[in-house]
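Colleague: From TrEMBL, here are the annotated features:
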{"type": "DOMAIN", "residues": "85-543", "note": "domain 'Major facilitator superfamily (MFS) profile'"}
{"type": "TRANSMEM", "residues": "20-43", "note": "transmembrane segment"}
{"type": "TRANSMEM", "residues": "169-188", "note": "transmembrane segment"}
{"type": "TRANSMEM", "residues": "200-218", "note": "transmembrane segment"}
{"type": "TRANSMEM", "residues": "224-246", "note": "transmembrane segment"}
{"type": "TRANSMEM", "residues": "258-281", "note": "transmembrane segment"}
{"type": "TRANSMEM", "residues": "287-306", "note": "transmembrane segment"}
{"type": "TRANSMEM", "residues": "369-389", "note": "transmembrane segment"}
{"type": "TRANSMEM", "residues": "401-423", "note": "transmembrane segment"}
{"type": "TRANSMEM", "residues": "430-449", "note": "transmembrane segment"}
{"type": "TRANSMEM", "residues": "455-478", "note": "transmembrane segment"}
{"type": "TRANSMEM", "residues": "490-512", "note": "transmembrane segment"}
{"type": "TRANSMEM", "residues": "518-538", "note": "transmembrane segment"}
Amino acid sequence: MRDYEEVTAFLGEWGPFQRLVFFLLSASIIPNGFNGMSVVFLAGSPEHRCRVPDAANLSSAWRNHSIPLLLRDGREVPDGCRRATIANFSALGLEPGRDVELGQLEQERCLDGWEFSQDVFQSTIVTEVGGSRALESRLGTGKRAPSLWLGSCFVLSCWQWNLVCEDDWKTPLTASLFFVGVLFGSFVSGQLSDRFGRKSVLFATMGVQTGFSFLQIFSINWEMFTVLFVIVGMGQISNYVVAFILGAEILGKSARLIFSTLGVCTFFAIGYMLLPLLAYFIRDWRILLLALTVPGVLCVPLWWFIPESPRWLISQKRFREAEDIIQKAAQMNNVTMPAVIFDPIELQELTSLKQPKVFILDLFRTLNIAKITIMSLLLWMLTSVGYFALSLNVPNLHGDIYLNCFLSALIEVPAYIMAWLLLRKLPRRYIIAGVLCFGGGVLLLIQLVPADYNFLSIGLVMLGKFGVTSAFSMLYVFTAELYPTLVRNMAVGITSMASRVGSIIAPYFVYLGGYNRLLPYIVMGSLTVLIGIVTLFFPESFGVALPETLEEMQKVKG
């Protein structure tokens with residue numbers, strides 16, 4: 001029985017039909033780029049200090065000294081979570097520093113809320129104000145809010161979000177919960193597309209991503225925002241995975257490699273680059289979210305241009321529909337279609353064909369296979385930690401956050417091109433180990449850079465991102481080549497899920513920067529170099545025939 005590619009060889013490899021599918025599916029990935037990293041701006045944490053109410057009736061001198069100073073990264077900065085207790089000193093006519101020793105003053109929490117700098121963000125979910133204070137800011141100070149509105153707000157808990165100080169743990173958790181949604185989405189997306197079809201699930205998950213992003217605009221508290229964010233994460237990865245599968249099944253061998261390494265990844269990076277451009281001009285998080293939903297709506301007309309996967313239709317015994325799509329492709333490519341595409345005897349053989357059942361434990365059947373699987377899980381997870389931690393750590397870099405985020409996205413394009421060129425010519429384990437050790441090594445060098453040389457630190461971060469991104473984009477190809485046909489999809493699926501676990505814990509690597517700005521780079525750099533060394537123990541897959549059975553898998557290098 002002929003395989004699908006032999007049956008459709010008359011269409012050619014790169015005709016108008018293939019180019020249309022390539023670019024439309026790649027374009028559908030653009031919203032994934034900015035939705036995946038939008039938390040950088042939606043949950044940005046600006047500089048803040050305790051709010052001193054006007055009713056405190058403090059002199060300007062005491063108001064200026066009401067916030068104690070902290071030593072952070074070698075410089076004194078205002079404490080964002082404490083204020084001095086100075087209620088009576090101003091009324092008694094005492095002067096700070098002369099009559100009262102400032103270091104001996106008692107301190108208290110920010111009982112009246114916070115004042116946030118608007119130099120970078122006009123508003124984020126961190127600074128969001130709800131309840132009576134939100135209405136007060138709209139009505140004017142001193143005006144009373146309607147009791148009915150306040151009553152409903154009390155029931156719905158729509159008070160200040162203020163994700164700082166005692167609640168600053170909610171900021172990394174917000175990003176982690178998004179990636180929890182990504183984990184769930186990656187788990188169910190393949191099963192849904194196998195059951196309901198690639199095209200239907202592609203557009204359904206596009207709708208989920210766009211629709212629930214729109215609903216986030218109306219979030220009344222942090223809990224509502226994060227629940228919706230989990231669902232957005234599920235839609236985001238499902239859209240990405242299904243578009244990847246659909247393109248791989250429609251395109252031929254030569255176009256498939258370019259699509260999986262350059263097409264999907266580069267258009268993801270384009271969406272990522274659009275994010276800081278939009279965020280620069282839209283500093284309010286709700287309006288920014290509204291702007292980010294527009295490209296998803298613009299993808300709706302693609303329904304009439306992107307076809308269903310003929311391979312999936314054939315697997316569902318829907319041969320007539322598959323032939324119709326192939327016929328339209330032939331017309332678009334201006335090639336003559338054979339009189340018979342699917343021979344009746346082949347169809348009968350296909351109908352009676354049964355695939356043997358495989359289980360997840362087959363990936364650990366022997367000691368050798370178990371070693372490869374465990375190393376693959378670690379490789380995917382730690383590479384994912386490096387990629388997402390570096391992407392989410394942009395606000396902690398010196399300089400303009402919008403420019404730094406754009407550079408972080410831009411560096412991905414040459415990283416993907418480099419990965420594609422290396423995969424064509426060189427052994428897999430050496431190039432993956434090489435770019436990981438390079439990326440981790442330059443991250444470790446950051447601690448040696450003097451504090452005043454900020455531009456050099458940023459350059460090293462971008463080079464580290466380049467190395468990690470290159471490695472990340474090679475993992476799909478490398479893993480698929482290691483495992484036999486019978487368990488290949490399962491192996492790629494479980495290792496991909498390990499990468500989602502890495503993305504879930506990545507925000508907490510960024511959180512370490514609150515204690516020491518160099519700590520995230522030291523930890524990430526060390527782990528990246530370590531997993532780069534571990535990669536050298538994988539068997540080599542370049543230039544080796546793909547294994548068909550578990551017994552044919554190569555041995556781990558000693």
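Each residue, glycine too, has its Cβ placed from N, Cα and C.
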Colleague: Is it the case that the transmembrane segment (518-538) and the transmembrane segment (369-389) touch, counting contact as three or more CB pairs under 8 Å in which the residues of each pair are 6 or more positions apart?
Modeller: yes
Colleague: On average, what pLDDT score does this prediction assign to the domain 'Major facilitator superfamily (MFS) profile' (85-543)?
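Modeller: The predicted confidence over the domain 'Major facilitator superfamily (MFS) profile' (85-543), as a mean pLDDT, is 81.
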Colleague: What residues elsewhere in the chain lie close to the transmembrane segment (401-423), defined as a C-beta under 8 angstroms and at least 6 residues from its ends?
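Modeller: Distal contacts: 33, 37, 40-41, 44, 120, 257-258, 261-262, 265-266, 268-269, 272-273, 275-277, 279-280, 390-391, 394-395, 431, 435, 458, 462, 465-467, 469-471, 473-474, 477.
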